[in-house]
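Here's what TrEMBL has on this protein:
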DOMAIN    30-148  domain 'DNA polymerase III delta N-terminal'
DOMAIN    232-292  domain 'DNA polymerase III delta subunit-like C-terminal'
REGION    329-361  region 'Disordered'
COMPBIAS  339-351  compositional bias 'Basic residues'
DOMAIN    364-414  domain 'DNA polymerase III delta subunit-like C-terminal'
Amino acid sequence: MAEIKHTDLAQWLNTTPFDELPQVYLVHGDAFLCRKIFDAVLDVLLPKEQRSLGYDFLDGDEARLPVIVQRLSTYSMMQDRLVVAAKEVPLFSTDRQSGMTPEDFDALQHLMEKGIPAGHYLLITTPQADRRRTLFKAFREYGLVVDCTVAKGSRKADKTEQTALMRTLMEQVLAPVQKGIDGRAFTLLTDLVGFDPATLVDNLEKLVAFIGDRPGITATDVQSVVERTRKDAIFEFTNAVADRNVSSALFYFHALTREGAHPLQFLKALGNQIRKITRVKDFVDSCRAPGQMVWHPGQSYQQFSRITLPAVVKADELMVKKLEEWEDQLPPQGESKPSGKKKKAVAKKKKTASDLAMAPNPKNPYPIYQTFLKSDNFTQKELIHILMALGELDYQLKSSNAHPHILLENLIVRICTGMALT
């Protein structure tokens with residue numbers, strides 16, 4: 001069939017008769033764009049009113065090739081059209097990382113070559129693709145491949161592509177509601193969010209709600225809304241540091257600084273992130289010692305959900321139990337102590353347990369998985385030195401006249417590059 005860019009999909013769908021649509025779709029690249037393309041293709045293949053019976057979305061442990069092949073090959077007695085779909089399947093990771101075998105890939109490729117049953121469709125997204133792999137070539141030959149990759153560099157051509165995409169997304173959000181945004185406001189918004197399509201769209205939608213009946217978004221509006229969502233930018237900042245992406249970390253640091261973020265906010269956010277990663281690193285090392293392999297670098301999300309997460313939840317439960325035992329060993333409080341203070345002590349105890357837990361919300365495991373991935377970027381020795389450096393910086397910020405932003409910037413560079421940490 002073909003391979004097209006995400007920007008060409010709408011025209012391709014509009015000009016291709018339904019009976020000529022391929023039965024296989026591979027979408028790869030930027031996660032946000034992949035989600036948009038996924039929804040657009042699904043809307044064409046299977047309208048919402050038909051999805052109660054004809055839509056088979058595979059998630060978590062089910063999103064594996066043997067299950068996908070089995071579902072695609074099974075005829076439905078209830079509906080003629082069936083869409084089997086899965087998101088962020090690591091098709092082009094190593095076999096060890098993906099949790100799938102060469103036989104699994106061969107089975108899917110063989111099914112495409114033999115022919116999927118009439119009326120059955122496969123829609124799948126993957127973070128990255130390898131055009132050299134025979135599986136990719138099979139997708140391109142027997143289906144449609146949609147390329148959602150966007151240049152991430154700082155060359156002029158990269159910046160031009162990024163700006164064009166941001167403007168397209170802006171128009172897609174504002175045009176349907178007949179809103180506009182002045183040039184200064186858009187420049188300020190993109191400066192604050194960086195090249196992050198998902199965050200841009202999220203903020204534009206918040207701005208539309210914020211301005212109400214007014215026809216256009218101003219720079220003042222952007223300042224007001226971004227002030228309210230500064231936690232999102234702090235989150236992006238700490239993620240960039242944990243990814244050891246020095247350019248992105250400094251970008252968010254400078255943007256937040258211009259908006260008036262206090263130096264101690266950065267210090268607290270960094271401390272929380274590094275402590276979480278250190279807790280995870282210690283857990284992984286402690287499991288490796290007795291020969292348990294609950295995590296390996298680059299592990300897939302499916303393997304994490306199936307193998308690692310149960311071990312994490314169990315470790316958190318043991319930690320809480322140990323904290324309770326230590327609490328019971330403390331000398332009893334005086335009976336005259338006001339009941340209000342007792343309640344505060346219980347609340348403090350619960351907060352301590354929550355702060356130390358690797359999985360404070362096991363029902364939302366993806367952020368936990370991301371922390372495990374970030375732990376692969378550091379050695380235990382580096383993390384100890386970073387915690388010591390954070391403590392030293394805390395003392396400097398509170399006891400010296402040195403410029404706080406220079407000190408923070410220096411530490412950010414050291415963490416991201418590994419300079420003078422060990």
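Cβ coordinates come from backbone N, Cα and C, glycine included.
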### Message
Counting by DSSP secondary structure, give me helix, strand and coil numbers for the domain 'DNA polymerase III delta N-terminal' (30-148).
### Response
60 helix, 21 strand, 38 coil
### Task
Could you break down the residues of the domain 'DNA polymerase III delta subunit-like C-terminal' (364-414) into DSSP helix, strand and coil, giving a count for each?
41 helix, 0 strand, 10 coil
### Query
By DSSP, how many residues in the domain 'DNA polymerase III delta subunit-like C-terminal' (232-292) are helix, how many strand, and how many coil?
50 helix, 0 strand, 11 coil
### Message
Across the domain 'DNA polymerase III delta subunit-like C-terminal' (232-292), what does the mean pLDDT come to, as a whole number?
### Response
86
